[in-house]
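Take a look at the structure set out below.
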Amino acid sequence: MSRFVQDLSKAMSQDGASQFQEVIRQELELSVKKELEKILTTAPSHEFEHTKKDLDGFRKLFHRFLQEKGPSVDWGKIQRPPEDSIQPYEKIKARGLPDNISSVLNKLVVVKLNGGLGTSMGCKGPKSLIGVRNENTFLDLTVQQIEHLNKTYNTDVPLVLMNSFNTDEDTKKILQKYNHCRVKIYTFNQSRYPRINKESLLPVAKDVSYSGENTEAWYPPGHGDIYASFYNSGLLDTFIGEGKEYIFVSNIDNLGATVDLYILNHLMNPPNGRPCEFVMEATNKARADVKGGTLTQYEGKLRLVEIAQVPKPHVDEFKSVSKFKIFNTNNLWISLAAVKRLQEQNAIDMEIIVNPKTLDGGLNVIQLETAVGAAIKSFENSLGINVPRSRFLPVKTTSDLLLVMSNLYSLNAGSLTMSEKREFPTVPLVKLGSSFTKVQDYLRRFESIPDMLELDHLTVSGDVTFGKNVSLKGTVIIIXNHGDRIDIPPGAVLENKIVSGNLRILDH
């Protein structure tokens, strides 16, 4: 906890302390304002307006950060949502499709969140450029999906990438390869906010550059920034002018987040005549999902509650699969007109996520972020849809990558679907150890991806390699202890087996 926050806490515990607390807060805001003004003076003329918008946005967020303390929800007010506010996907699908699918598709814009790097998987550059299936990247698959829609229905669904300053340059270099695809591709940038020193709460950056000493001084402030940066880019007004009505927003690493025509039809032709301004796709929790944000009823509106907002005594209750059965997939359908209205009224309310980081030099900093789904409570007639698990297929680790590269899935026009040869619709639980964390190491350890159609659970730990045409079935646990190595031989069939010890296979 910073010295300033400690001072504030002490001040609050004393009589008449609120006035003292307000003085400290105002002094701190003034100090931050001066620092930001100094930084702005270093902006080149062609970047001045853009930088000013970013720093103004940060100031508003910082002001709110100083006002809010403690958990942001009153647990006593949290209720289960009314049944009609979260619809089962089957009910949406049962309505069928309109006669003229192209007319509803032409009202849609697809937005992919493309601000993340591949560092957690040992890759440099944007995560969207990592190969995930038959040498296709996340971005390749996305373009293929939308091109397939446009060709099939003779439509003009554009793709918009929300980049960050970390991914923008590399992404733009690659976009020329899609020039001959039937997809118009647009990009805009997330804001760039300054990290603040955890003790002084002042910006770490001394100027606008993000090279040299300033490399770690800036950050993209979470995907909740989409509303302001999309509006500021001018694209929002452009699409409204073209007659577009909804954006479908999702993470680019969620391979299940394809355009769903049934959900789109429900939006364009609401059964009760009242248009939904915001739809969140949620899916049933499994054991691994207990920390995911969940939809609740709060003060009469649908609200996304994240684990960080929950008071500590209620965290276990929040994780309970029996009480809170679904979690947010971050597949969102949002009205463009509503975004414009709320943005112009400054009425989009999102909780602040305080994300502590330690820089390479050891300095402790804070970055203030927001999440796109948290804005659900600001929109009118919001709806949750409980979708099948197949619409949530994120690739966060090489364990996830193994699943999507395997014969569990087939690839068609950029979309992955579970193989009909798998008897169970559930996905196996795969845990690969630290030797597999980096994509480069992971690929080196598999001569070919094993047959996993009958696999339930795979755990691999230590120095392990797989030969060609290996088949894994049931529960398979492979543990090579420190100093040992296990080579699974080509053609091996492992069914309900624990493999340990030392097994070397060398070329003769």
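Here, residue 1 is simply the first one shown, and the rest follow in order.
Cβ atoms here come from the backbone N, Cα and C positions, even for glycine.
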Would you identify which residue of His148, His223 Swiss-Prot lists as part of the substrate site it also attributes to Gly115, Gly116, Asn251, Ile252, Asp253? His223
Taking Lys124, Lys127, Lys198, Lys244 as the options, which does Swiss-Prot list with Leu113, Asn114, Gly115, Gly116, Gln190, Gly222, Asp253, Lys396 at the UTP site? Lys127
What range among 405-456, 457-508 does Swiss-Prot describe as region 'Oligomerization'? 457-508
At the level of the C-alpha atoms, what whole-angstrom distance separates His223 (substrate binding site) and Lys396 (active site)? 16
Near Ser434 (phosphoserine) (Cα-Cα within 10 Å), the recorded positions in question, chosen from Asn251, Lys396, Ser461, are Ser461
Pairwise over Gly115, Gly116, His223, Asn251, Ile252, Asp253, annotated as binding substrate, what's the top Cα to Cα distance to the nearest Å? 14
What is the set of residues, excluding Gly115, Gly116, His223, Asn251, Ile252, Asp253, whose C-beta falls within 8 angstroms of the centroid of the C-beta atoms at the substrate site? Lys112, Leu113, Asn114, Lys127, Ser128
The rounded CA-CA distance in Å from Lys438 (N6-acetyllysine) to Lys396 (active site) is 12
